[in-house]
Amino acid sequence: VSPWDIALCATGTAVAGENALVLAVLFYTPSLRAPMFLLIGSLALADLLAGLGLVANFAVRYLLRPPSEAAELGAAGLLLAAFSASVCSSLAITVDRYLSLYNALTYHSERTLGFTCAMVLLMWLLCLGVGMLPLLGWNCLRDQSACSILRPVTKDNAAVLAVTFLLLFALMMQLYLQICKIAFRHAQQIAVQHQFIATAQATSTRKGLSTLSLILGTFALCWIPFAIYSLVADSSYPVVYTYSLALPATCNSLINPIIYAFRNPDIQKSLWLACCGCVPSTFSSRPRTSSDV
C-alpha cells in the first residue's frame, strides 16, 4: 500500500468529518437560512463528497478484488463532481459577496433564498454532469498511453479541465479585486460622512481584506500548481510528482471550513451553543454589514 494513498485516505476522512460538522450546524440552526449560508452549505457538501470520494478511491484500489472498471470510473466521477462543485461553490460565494457590496441597497430583495436555491441546484446539476464524463467515455481504460496524471481521465480531457479551472480562478481574482475597491470606497465614504475615521468600519474592512487574502492565497497555493502540472504532464511522469501536488489540492477542502464557516460569527455562536450551551461574553455582537466581506 502506497503511503501517499494512505495520506490521501486519511485526509479524505478528516475532510469528510470536518465538513459534516459544518453541515450539521447549518441544518440544525434555523437562524442560518440566509442565501450566504446556503452557499457555505453547498461548499461544505461538495468538500464532504470529495472526502468520501478519496476514501472510496482508496477502497476501490486496495480493497476491491478483483478490481472493477465500473467502480474505478464511479470513484473517479465522484471525485471529479465533488471537486468541481467545490470550486464552483467557492466562485458562487465570491459572486455573492461581490453582489452584496455592489448592490447593497437591493441585495436582500434580489438575492432571495428561492433564487439562490435554484442557482445552487443548477450548479450541482452541471457538476454532476461533469462527474458523469468518465463513465460516458472520458477515460483511458482502453488506451493506457492516453492517460493523464488524473487516471482514468485522458490527457486531452485533463487539459480541458485544467484550463477551465484556471479561467475560473482568474474570474475569482478579478471579483475579489473589485470587492477590495468597493470595500475601501465604502469605508472612505463613511469616514467622510462622520468627519472622522470610523474605527469599527476600518476594522471591518481590514478583517474583510485579510479574509480575501487568505481565501485567494490558500486557493492558489493548493490548486494552481496541481492544475498547471495536470496541464503539461502525462502518465509517463513520476507518480511521486502527482501525489506531492494532489495532496495539497485535497487539503484545500480541509481548509475551506475554517475560512468560510468557522470564521463566521453566526456559525461560531451556533458551535458554542452546541458544544457548551452558551456564548462567551467577549463574543462580538456587532451586526454584519455589506462591508463584512
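Cβ coordinates are placed from backbone N, Cα and C, and glycine is handled just like the others.
Copied over from TrEMBL, here are the features:
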{"type": "DOMAIN", "residues": "18-260", "note": "domain 'G-protein coupled receptors family 1 profile'"}
{"type": "TRANSMEM", "residues": "6-29", "note": "transmembrane segment"}
{"type": "TRANSMEM", "residues": "36-64", "note": "transmembrane segment"}
{"type": "TRANSMEM", "residues": "70-93", "note": "transmembrane segment"}
{"type": "TRANSMEM", "residues": "113-138", "note": "transmembrane segment"}
{"type": "TRANSMEM", "residues": "158-177", "note": "transmembrane segment"}
{"type": "TRANSMEM", "residues": "209-228", "note": "transmembrane segment"}
{"type": "TRANSMEM", "residues": "240-262", "note": "transmembrane segment"}
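Residues 80, 87-88, 90-91, 94-95, 98, 148-150, 212, 215-216, 219-220, 223-224, 227-228, 230-231 of the same chain lie 6 or more positions beyond the ends of the transmembrane segment (158-177) yet place their CB under 8 Å from a CB of it.
Beyond the ends of the transmembrane segment (209-228), by six or more residues, the same chain brings 87, 90, 162, 165-166, 169, 172-173, 176, 179-180, 183, 245-246, 248-249, 251-252, 255, 259-260, 263, 293 to within a C-beta distance below 8 angstroms of the stretch. The largest share of C-beta pairs under 8 angstroms with the transmembrane segment (240-262) comes from 36-64, of the ranges 36-64, 70-93, 113-138. Within its own chain, the transmembrane segment (70-93) has Cβ neighbours under 8 Å at 36, 39-40, 42-43, 45-47, 49-50, 52-54, 56-57, 60-61, 64, 119-120, 123-124, 126-128, 130-135, 139, 141, 150-153, 161, 165, 168, 171-172, 215, 219, 223, 252-253, 256, 260, counting only residues six or more beyond its boundaries.
Long-range Cβ contacts of the transmembrane segment (36-64) within its own chain (Cβ-Cβ under 8 Å, at least 6 residues beyond either end) map to 1, 5-6, 8-9, 11-17, 19-20, 22-23, 26-27, 71-72, 74-76, 78-79, 81-83, 85-86, 88-90, 92-93, 96, 100, 113, 116-117, 120, 123-124, 127, 250, 253-254, 256-257, 260-261, 264, 266-267. Here the domain 'G-protein coupled receptors family 1 profile' (18-260) returns a mean pLDDT of 84 for the predicted model.
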